[in-house]
Structures are given as C-alpha cells and as structure tokens.
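Read through the structure below, which is laid out as structure tokens, and then see the notes.
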Amino acid sequence: MSAYQPDEFEGVPTDAAADLAGVPDAFQRLWTPHRLVYIQHGQQPDEHTCPFCRAPEMSDEQSLIVARGEHAFVLLNLYPYNSGHLLVCPYRHVATYDEATPEEIAEIGELTQIAMRVVKQVSKCDGFNIGMNQGRIAGAGIAEHLHQHIVPRWALDSNFFPIIAGTKALPRLLGEVRQEIAEAWPASA
Ligand SMILES: [Zn+2]
C-alpha cells in the first residue's frame, strides 16, 4: 500500500503523513480522520523531515502533544491502536534507547508514569501495553527517532475488525482525546 485515500475524499486537499507525528502501521481506520493524510511507507525521515522533531515546533493542537517536559514530550499517536494511544519521545533525534542520556531516560520514565495515571483516570482502561520497538526489523514505524508506546487496553477492546478487514474501529476523534488528556495532565509535571 503506497497511499490510502477514501473515494469520497477525492479532490480534497490532504496533508502528507510525514508532516505529522505518528507511527504508521498496516491498519486502515474507520473514522473521520483528524486530518486527511496519505500513509506513506518505506521512507525514513532525517532530522529535517522527522515528524517527532517537527512536532514540538507546532502548537499542541496541531501536533497532538498532550504534555511537554524538559527533555521529552508526550503526544497522541496519529496511527493509534486504541483511543488514547500515546507516544513519549525525547526531543533529540536519537534512534535507540542506549543512545538516550540519563536525563532523557529519567524523564521518559516519569512521563510514562504520569501518562498511565492520566489515561487510567480519563478512560477507565483495564491495562496497558508499554514498549519501544527498536529498529525497523522490530516494527518501529519511525525507526530513526526513539519513542515509547503507551497503549491503553480494555477487557473488551479486541474484536474481529482487525482480523477480517485490516481495520480498527476507533470511536473517538484524536483532537477530542488530546484535549481530554491534556486537561487532565497535572500542572506541575
Ligand atoms: Zn527526529
């Protein structure tokens, strides 16, 4: 799949996916997207085109950022597995965990804990998947810029959609979810 655009949006201006932060995967989504994007595969960005480097330069609303720390920041994944799927990224363009500084490691850990508390509070999820895919072979969509996934899970969130149609049903718009998480984020963090 080199590009995906529903027929009903033909002729509508779209943004390139590379302009926005997120980790693409093979799923298409059943929703009115936050922004229409072409999902482009096979391109690894450098520092100038990297969506995780560019996100902090935009407004929180544009970039889907929910919190900014000193060394790292938290944003909604543009390609979520579930509503409230967050990514924690260092500001620096480093590819793997062992390249991160002690300060970055510490703050990624702190932000991950806060993100779990906030997402639990606003979404009443039953569990989380948390982890980092290191390198393309391990499944990293944007392999060149380290990012930790925080994926909330609900007891009933698995259904047949992903299996039969390569599609996930996402009930809520990203902008709405971003605002809810950003508002619940503790001010001192
Ligand atoms: Zn980057």
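The chain as shown is numbered from 1 upward.
Using N, Cα and C of the backbone, Cβ positions are placed for all residues, glycine too.
TrEMBL labels come from automatic prediction, so no person has curated them.
Within the listed segments 60-64, 145-149, 175-179, TrEMBL records motif 'Histidine triad motif' for the stretch 145-149.
Each residue contributes its Cα atom, and for ASN77 (substrate binding site) and HIS147 (active site, tele-AMP-histidine intermediate) those atoms are 10 Å apart. With the fewest other Cβ atoms inside 10 Å of its Cβ, the least crowded of the recorded positions HIS147, HIS149 in this structure is HIS149. Under DSSP, residues within the motif 'Histidine triad motif' (145-149) fall into helix, strand and coil as 0 helix, 2 strand, 3 coil. In the structure as shown, the Cβ atom of ASN77 (substrate binding site) sits within 10 Å of 23 other Cβ atoms.
Helix, strand and coil counts from DSSP across the domain 'HIT' (51-160) read 39 helix, 25 strand, 46 coil.
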